[in-house]
Amino acid sequence: MAPITNGAPAPKKRIAVMTSGGDSPGMNGSVRAVVRMAIDQGCEAYCVYEGYEGLVQGGDLIRQAHWEDVRGWLSEGGTLIGTARCKAFTERPGRLKAAKNMIDKGINALVICGGDGSLTGADTFRGEWPSLLEELVKNGDISTEQQKTFQYLNIVGLVGSIDNDFADTDATIGCYSSLGRICEAVDYIDATAFSHQRAFVIEVMGRHCGWLALMAGVSTGADFIFIPESPPDRDWEDQMCDIISKHRKLGKRKTIVIVAEGAHDLDLTRISPNKVKDLLSTRLKLDTRITTLGHVQRGGNACAYDRQLSTLQGVEAVNAVLEATPETPSKFIAIIENKIVRNPLIEAVKSTQEVAEAIKAKDFKRALDLRGPEFAEYHQAYMMTTATDQPALRLPKQTHMNIAIIHVGAPAGGMNSATRAAVAYCLSRGHTPIAIHNGFPGLVRHHADEPVGSVRYVQWLDVEGWISKGGSEIGTNRDLPSKVGMGETADCFNIYKFDALFIIGGFEAFTALSELRKARPDYPAFRIPMMLLPATISNNVPGTEYSVGSDTCLNALTSYCDAIKQSASASRRRIFVVETQGGKSGYIATMGALGIGAVAVYTPEEGINLQMLGRDIEHLKQSFAKDKGQTRAGKLILCNEHASETYTTEVVANMIREESKGRFESRFAIPGHVQQGGTPSPMDRVRAVRLAVKCIQAIEQYAGKSKEEIMEDDLSMAVIGVKGISVVFGAMERLEREETNWNHRRPKDESWLQYKKTVDTLSGRPRPEDCCTSCGKKR
C-alpha cells in the first residue's frame, strides 16, 4: 500500500513494531505476535528495521509486514528485523525525522521491544509528539489535516533484555534463554571441576543487575556468588575461603564461584574474576581456572519460556494499543509470577534507573528492594541453602523437627533441585531431613531392609550435586498410601518419629495427601504438617498454575519439534502431527503449540470431532495452495495423548494424508518419555529451590504445636502454588472440594485455557463460526 502523503486518514490502524538495544532470544517471537495479532484485528502491521536508525532513516527501512513474512520466526535467535545504536534519535532533529517518516507511512502506533534505554527514548518520543507535529506543519513537511489525523501516538513497550534488569516485571524476554546458556556451560564445567578437583570462577553478564549471577548460583549450586546489588562483607575474602574450605573438608571435589561483570565490594571497588582466582589459588591452594562466557549468553534460539512470553506479550501489546485512549499513559507489558499485566512505563524506567543510583550511593538495601520481592526471595533462598554451617540461622533445639521428604508419581525435572534445597535449608536451621526412597511402597515394604533401608537420614554432601540432575535420586512411585496400607504407613510414621512430611510430585502426590488428610481422625501419626510441592510435566495439580518439571518438558518438546519442523521444511509440503504427554490436561500441548507456532492443537478439554478435522484439513489445503515456495518453514499439529479415544495421533495424520489427495504429505511423531527431559531447565531449578524453602518455612510454623492444634489448622495440609501474581498455600480440604476435577485428574479451572485461542489466532486457524459445517471451507 502506498504511503499517505495527501493528508487522508489511514483506512485501518497501522501498528509498527521494532526491536532496539541489545538483541535477546525471543525478540522474533514478539515481532511475529505483533504482526499477526495486528492483522487478525483488522489493522496493518509494519516492521521498522534496524531499530531507531530505521525510524530516523525511513524509506524501505519501514515496510509493511504480511502474515507469511513472519512464518518460522519463533525458532530464530537474535532479531531478524535488526537493531542498531542511533545517536540521531537521542536529539530532537532525529526524532523530528522519525515522526515525519511515521506519518508518511500512516503509522499511529508503535510497539517497541528493547531495554530501559530504548523504552525511555520511546516515552520521550511520545511526550514530544504534539510539538514535533507542530514543527513539521510549520516547516511545511506535513499538512494540518495530517496533524489532526495523527495527533496522538500510542506506544507500548516490551522488555527484551538478557539481564532481566527492568523493574516491575519478573522476567524480561530472553533472560531465561541466557540463563540456560550459563547453566549448560556451568554443568559442563562442573564435570571437569569434579574430575580434577578444580575450582572455576565463572564471569557472567550483568553490569548493574545481578539476576543472571544470582539465578546461576541458585540453579547450579555455586559455592559463592558476587552480585552488584548485595556486595559481600568487608571480610569477604575470609568468608569465601572459609565456606569453600568447609565444603572441601566435607568431601566436595569441586568449587564454583559466579561473578557478575558488575560485581564490586562495599566501597564499589570492582571484584574481578582474576582477584577471586588469585585468592583461591594462593590461600586455598586450589587449581583454579577462569571462564568468561561473554556473548555466548546472548546468542542462540529462545527457550520455550521466552517463546511463550514474547508471544503472549506481543499479543497483549496489540490489545493495549487498540484499547488505549489519548489520556492513557505509556504502558509496558510485564509478567508477575504467572500473569501477563500492563504496567506504567515511565515509573518502571525510573525504578530501573534508581537501582544504579542506589548502588552508586552505596545504598545496597534499597538496591535490593528495588529489584522486587521475587529477587529478594531468591537471594535469601540461595544464602540459606549454599553454606553448610550458619549458626545465625539455627533455631532453638526445642523447635528442631524430623522432616521426611518423599517423591510421589512420575519423575519430573526439578524434583532433585527441590530435595537438595529442602535438605540444605533443614540442616541450616537445625532440623533433621529424612529421605524416603521409592515412595510409599519403599516406606512400608523396605524401611527395615538390610544393610540400608528406604528411610535414610540425609547429610549435605549426599544431595550437594543433585540440583542439575533430572529424574528422582531418591526414587518415586505412583502407589498411594491406601494401596500399601494406611495402618502400615502410620506405623512407619511412628517408628521414625516424623514431625512433618514434605511431598514432591504430581496428581498422585495430591491424591496421596488427600488420603492422608482423610485418615487423620483414625491415625494420630498423620496429625503433622504436610506440604505438597507440585512437580509434574502435566501441570495438572489443583492449587497451582505452575508445576515444577513442566518447563523442562516444554523445552524438550520444543527442541524435538524444532527438529521435526526442520524435516518438514526440507520437503516443504509436509505436515507432522506430534503427540504430546500430559494425561487428561492439554497444558503441554497448548503451551508447546504456542512456543513452536503450531497450525492447530488438540486437547482433552476440547476433544476432536469430524467438523474440527474438516476445518483444519481445508485450512491446510488452502495454506499449501498459497505457498509458492517463498518459505520452507514446516507445519506442525500438536495432539495430546488423550485428546480423543477414536481420533488418535496416527488416525489424524492418516486422515490428513488421505484428504490431501497427494498435494502434501502427512506424518505422525511420538516423542514419548523424551518429554520428561534430561537436565532440568533453569526455571524448574530456581523455582524448585524457592518453593521448597517456602514449604519448609511453612512447616516450621507448626513446631511445638499439639496434634489437636495442627488438626484444627486447615493450612497444616496444603499445596504451594503460583496463582496469578502470587505464591500461595491452598488448604487441601478446600482444594479437594472446590477446585479438583477428580474424574479427569486436573483442576476444574485451568488458567492456560485462554491461550488456546491465542494459538489459533496466530496460526490463522479458521474459527468454527466462519466456516461451512459440511465442507469446512470459509464462508
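Each residue, glycine too, has its Cβ placed from N, Cα and C.
Copied over from TrEMBL, here are the features:
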type	residues	note
ACT_SITE	Asp163	active site, proton acceptor
BINDING	Gly22, Arg85, Cys86, Gly115, Asp116, Gly117, Ser118	ATP binding site
BINDING	Asp116	Mg(2+) binding site
BINDING	Ser161, Ile162, Asp163, Arg198, Met205, Gly206, Arg207, Glu261, Arg289, His295, Val296, Gln297, Arg298	substrate binding site
BINDING	Arg478, 536-540, Arg574, 581-583, Glu641, Arg667, 673-676, Arg745	beta-D-fructose 2,6-bisphosphate binding site
DOMAIN	14-321	domain 'Phosphofructokinase'
DOMAIN	402-699	domain 'Phosphofructokinase'
REGION	1-21	region 'Disordered'
REGION	1-387	region 'N-terminal catalytic PFK domain 1'
REGION	388-401	region 'Interdomain linker'
REGION	402-779	region 'C-terminal regulatory PFK domain 2'
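If you count neighbouring Cβ atoms within 10 Å for each of the binding-site residues Cys86, Val296, the highest count belongs to Cys86.
The residue listed as 'active site, proton acceptor' and Met205 (substrate binding site) have their C-alpha atoms 7 Å apart, to the nearest angstrom. Counting only the Cα atoms, the space from Gly22 (ATP binding site) to Arg478 (beta-D-fructose 2,6-bisphosphate binding site) is about 47 angstrom. Each residue of the region 'Interdomain linker' (388-401) gets a DSSP state, and the totals for helix, strand and coil are 6 helix, 0 strand, 8 coil. Sequence-distant contacts of Arg298 (substrate binding site), defined by Cβ-Cβ distance under 8 angstroms and a gap of at least six in the same chain, are Gly22, Asp23, Ser24, Pro25, Ile162, Gly174, Ser178, Met205. Taking the C-alpha positions, the distance from His673 (beta-D-fructose 2,6-bisphosphate binding site) to Cys86 (ATP binding site) comes to 48 Å.
Cα-Cα distances to Ser161 (substrate binding site) place Gly115, Asp116 within 10 Å, out of the binding-site residues Gly115, Asp116, Ser118, Arg478, Arg574.
When Cβ-Cβ distances below 8 Å are used as the criterion, the region 'Interdomain linker' (388-401) is approached by residues 246-247, 250, 424, 427-432, 460, 499-500, 699-700, 703-704 of the same chain, each at least six residues removed from its ends. Of Cys86, Gly115, Asp116, Ser118, Val296, all annotated as binding-site residues, the residue with the shortest Cα distance to Gly583 (beta-D-fructose 2,6-bisphosphate binding site) is Val296. In sequence order, Val408, Gly409, Ala410, Gly439, Glu508 make up the list of same-chain residues 6 or more apart from Arg478 (beta-D-fructose 2,6-bisphosphate binding site) whose Cβ falls under 8 Å from its Cβ.
Cβ contacts within 10 Å of Ser161 (substrate binding site), excluding its own Cβ and spanning all protein chains shown: 26.
If you compare every pair of Cα atoms in Gly22, Arg85, Cys86, Gly115, Asp116, Gly117, Ser118, the residues listed for ATP, the longest distance is 15 angstrom. Here substrate is bound by Ser161, Ile162, Asp163, Arg198, Met205, Gly206, Arg207, Glu261, Arg289, His295, Val296, Gln297, Arg298 per the record. The longest Cα to Cα distance in that group is 33 Å. There are 27 other CB atoms within 10 A of the CB of Asp116 (ATP binding site), with all protein chains counted. By neighbour count, meaning other C-beta atoms within 10 Å, the densest spot among the binding-site residues Gly117, Gly583 is Gly583.
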